[in-house]
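The block underneath contains the structure these notes are about, expressed in structure tokens.
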Amino acid sequence: MWCRVCFSDQGFLDDPIVQCEKCSVAVHQYCYGIESVPEGDEPWFCDFCTEPNGPSADATCELCPLKRQKSAFKKTVEGKWVHVVCALWAPGVQFSDVERMSGVKHVATAVEELKGSTCALCEKEGGCINCMRGGCETYFHPLCGRETKGAYDMFMKEGGQLQAFCQKHRTHRKRS
């Protein structure tokens, strides 16, 4: 089982990976902003699955053209849905409550900024980030990059700066 936000399979006593009883999406407590993890066999449900009217199972992320597909979704302040991964990587997007990873805002501005690029991995348009190697024209969705499980390198430098590199440039990065 691996977290659908950071894509690590390592859980910790103070940051366990929990799985939604309904849709099976797995997330770290802190990656998804879970206030308290249920004890023992008590079920846990992700935000998407606790929606009162049960949102469409084929809901699409507002920041990218990809459907939910076992990915962790959070609700925007406008009542739409975004992948947590996309929200973390999209320029200018913020969480109203960072601890609970809720109230995703400034999505419309990010959508405008990210439109017009095509993902090198899924070939769908919009919502892509660019490889940070100077001059590289490789664009990819944060979720697609994460799903390569390391072929595309995405990480946070000390100080919180996010870095993303395509497969060709992943070995040329500097972590400091």
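For all residues, glycine too, the Cβ spot is worked out from N, Cα and C.
A TrEMBL annotation is a machine prediction, not a hand-curated record.
Among the features that TrEMBL reports, domain 'PHD-type' is placed at 1-52, 58-170.
For the domain 'PHD-type' (58-170), the model's pLDDT averages out at 90.
Helix, strand and coil residue tallies for the domain 'PHD-type' (1-52), in that order: 4 helix, 10 strand, 38 coil [DSSP].
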